Amino acid sequence: AVLQWGTPESVSEIRSFLGLAGYYGRFIEGFSKLALPLTQLTRKDQAFVWNGNCEKSFQELKKRLTTARVLILPDAKESFDVYCDASKMGLGGVLMQKGQAVAYASRQLKIHERNYPTHDL
């Protein structure tokens, strides 16, 4: 069903797709960055103009939603490693155990957060 999802033609259709995709975002590495062209179209001050970047993002998200990497189940008796990074646009991280991904996390920074030093994020 996801692969047959038609190209969104309105902000509400983008929000609907991003709602589904966002629910599974922790299974997709770099989800926030990948979804950026679509989330920008949902802003109040942004005109709805579907372009090549939006289409590329939309198709890649559909692909990754149907072919996501396999994550391992966490073992509470083993140690965990957390890798994270911050930039002026977003945050990202991965929870790992024994060199394999347990979960991914990422999000875009809000406009006011972009002024923070990275160590405060």
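Keep in mind that glycine also has a Cβ here, set from the backbone N, Cα and C atoms.
Pulled from TrEMBL:
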DOMAIN    50-120  domain 'Reverse transcriptase/retrotransposon-derived protein RNase H-like'
Mean predicted confidence [pLDDT] for the domain 'Reverse transcriptase/retrotransposon-derived protein RNase H-like' (50-120): 89
Helix, strand and coil residues within the domain 'Reverse transcriptase/retrotransposon-derived protein RNase H-like' (50-120) as assigned by DSSP: 23 helix, 23 strand, 25 coil
